[in-house]
Amino acid sequence: SFLLDSIDGKHARRTQSSTPLGELFDHGLDSWATSIFVLSFFSVCSRDNGKTGVSVYTMYIYLSIVLFNFMCSHWEKYNTGVLFLPWGYDISQVVLIAAYLLTGTVGVEVWQKPLLFGYYITDVLVILLIGFSLFLSFPQTLYNIHRAHLKKTLKHDSLYEGLLPLVSPLLLFVLLTVWVVLSPSNILAKQPRLFLWMVGVAFSNVICKVIICQMSSTRPELLHWFLFPLALVVYAAISGLLGCMEEAVLGVFTALLTAAHVHYGVCVGRQLSEHLNIYIFSLKKRVQE
C-alpha cells in the first residue's frame, strides 16, 4: 500500500486523469487510514498490563501527534499551494512495516522485553515520534510557509486567513483531551479502540474539509459543525450527567459520526464526479445527458 500510495499521483498524471476528485480521494482516505495504521500498531504492541505494553494515554498522545503532523502538511498547502511531505511520513511507513515483519518473525514477545537500559522498543518509538515531530516535520512546515512569505507567494495575506484552518482541529483536540482527562468512568481506559477510532474519524472529516478548501481556494468554516454536539457530549460526560451511560453514548456518537463522515465522502465524490464529467473508478468520461 505504501508503494501504491507513492505512485498513484504519477500514474494519474501519466494517463492525464489527474483531477481534484483524485486528490481528495487520495488524501481523504490517507487522513482516515493514518489513524487505522496507528491503531493496528497498538494491537501489535499490546496494551499496558502494568509491566509491558503501551498505556492508553500514550496511545492517545501518539495518535494525536501523528494526526497533527498530517494536518500540518495540508495546512501548509492551504497557505503555500504546495504539498510538501517531510521524510517523517516515509520513515513512519517503513517503521510500521518493520514492526509487522519483526512481530511475525520473532513474535509479540519482542515488545515485552527491554531493549536497552530498561527501555522497551515502544518507548524508543514514542521518543523518535516526538523528536521527528518537534524537530523535523513541524519546523519544516513553518520554514516552508516563511519562505513562501518572503517570496510573496502565499495564497493568503492576512494572519487570520492563514491560521483559520487550525481553529477547528485545535478545538477538537482540546475537547477530546478534556474528555480523556476528566471522564468520571475513565472512558479511554474502558473503550480505548472505540474512543481512538472516534478521534481518527473526527480528525479525518476536519482535514477533508481543509483539503477541499485548499483545492477550491475557498475559506474554511471557523467552527466545524460537530464541535457543538461533541461539546455537549463532553460536558454531559465530565459533569456526571451521563453516569453509567457514558460508554453507550460514546458508542452512539461514534456510530453517528462515522456514518456522517461516510455520507460526506460519498456526496462530495458524486458532486465532483458530475461537475468534472468523470467516473470515480474509471478513466472513461461520463455520458452527457
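A Cβ is built for glycine as well, from the same backbone N, Cα and C atoms used for every other residue.
TrEMBL has this to say about the protein:
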TRANSMEM  57-75  transmembrane segment
TRANSMEM  87-111  transmembrane segment
TRANSMEM  117-138  transmembrane segment
TRANSMEM  159-182  transmembrane segment
TRANSMEM  194-212  transmembrane segment
TRANSMEM  224-242  transmembrane segment
TRANSMEM  248-266  transmembrane segment
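Contact counts against the transmembrane segment (117-138), taken as Cβ pairs under 8 Å, peak for 57-75 among the stretches 57-75, 87-111, 159-182, 224-242. The stretch with the most CB contacts under 8 Å to the transmembrane segment (159-182), chosen from 57-75, 87-111, 224-242, 248-266, is 224-242.
Proximity of the transmembrane segment (248-266) to the transmembrane segment (194-212) is established through 3 or more Cβ-Cβ distances under 8 Å for residue pairs spaced 6 or more apart. Within the chain carrying the transmembrane segment (87-111), a Cβ under 8 angstroms from the stretch's Cβ atoms is held by residues 2, 37, 41, 44-46, 52-53, 66, 69, 73, 120-122, 125, 129, 132-133, 136-137, all 6 or more beyond its ends. Sequence-distant contacts of the transmembrane segment (194-212), counting only residues of its own chain at least 6 positions beyond either end whose CB sits under 8 Å from a CB of the stretch, comprise 23-24, 27-28, 31-32, 34-36, 38-39, 42, 59-60, 63-64, 67, 70-71, 74-75, 78, 165, 168-169, 172, 176, 180, 187-188, 218, 220-221, 224, 226, 230, 250-251, 253-254, 257-258, 260-261, 264-265, 268.
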